[in-house]
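Peer 1: According to TrEMBL:
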- H42: active site, proton donor (ACT_SITE)
- H126: active site, proton acceptor (ACT_SITE)
- 42-45: motif 'HXTX 1' (MOTIF)
- 126-129: motif 'HXTX 2' (MOTIF)
Amino acid sequence: MRLFAAVLPPAVAVDELAAEVRELKQLPGADGLRWTEPAGWHFTLAFMGEVPEETVPGLSERLARAAHRTEPFPLALHGGGRFGDRALWAGASGRLDVLRRLAERADAAARKAGIDMDRHRGYTPHLTLARSRAAAVDLRPFVAALDGFEGGPWTVGELSLVRSHLPRGGITGQRPRYEEVGRWPFGGAG
Ligand code: 3AM
């Protein structure tokens, strides 16, 4: 199954961002983008790709340990950015250092579970809002519009394992469906 580790924002934060995204969708070019569903919004920590069923228990055990070693930390949705003209995302503020460490731990957990992880170049905390369809849309006005956006902070207290169900036949406009298949609480501070 196709899996990734992630931090899921709480409903309040999702609602705030959804209101912001409604504004973004009024901008020129918005129709040329494939917008992600609020129900599936996440901060990817480590993408594992196809993982055999028998690897999941070991992976879960490692992820539980990674979570246990992490202290709860504050995070807020903040501003936005883009990956070239391919993806528009919302950014984060708060303890990005702890988020980054958690991403490294999730990556290490997957490797120790025997998953062949890509070498990743730097970790950019991001929550993908839209991807471009075939024709490129200039994402800069969308990033500029997100500039002043600041959601309320929350305390991240758990790590999630999410399964991605890809759309059948790669039908244009269809999005993957995400299903949380595991969740582990962080350990205490320190
Ligand atoms: O939703 P975001 O952008 O955080 O882009 C994919 C998505 O990230 C990413 O994993 C998340 C869930 O699908 N992803 C997909 N294929 C990938 C790959 N080969 C990948 N990340 C790295 N390498």
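The backbone N, Cα and C atoms fix where each Cβ goes, glycine too.
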Peer 1: For the residue listed as 'active site, proton donor' and H126 (active site, proton acceptor), determine the Cα separation and express it in whole Å.
Peer 2: 8
Peer 1: Tally every other Cβ atom lying within 10 Å of the Cβ atom of the residue listed as 'active site, proton donor'.
Peer 2: 19
Peer 1: Taking the Cβ of H126 (active site, proton acceptor) as the reference point, list residues of the same chain whose Cβ is under 8 angstroms away and which are at least six residues distant in sequence.
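Peer 2: In sequence order, F43, T44, G81, F83, A87, W89, A90, G91, A92 meet the Cβ cut-off.
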Peer 1: Using a Cβ-Cβ cut-off of under 8 Å, list the residues of the same chain that are 6+ residues beyond the ends of the motif 'HXTX 2' (126-129) and lie near it.
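Peer 2: Residues 9, 17, 21, 24, 35-36, 41-44, 77, 80-81, 83, 87-92.
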Peer 1: What does DSSP give as the helix, strand and coil breakdown of the motif 'HXTX 2' (126-129)?
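Peer 2: The breakdown for the motif 'HXTX 2' (126-129) reads 0 helix, 3 strand, 1 coil.
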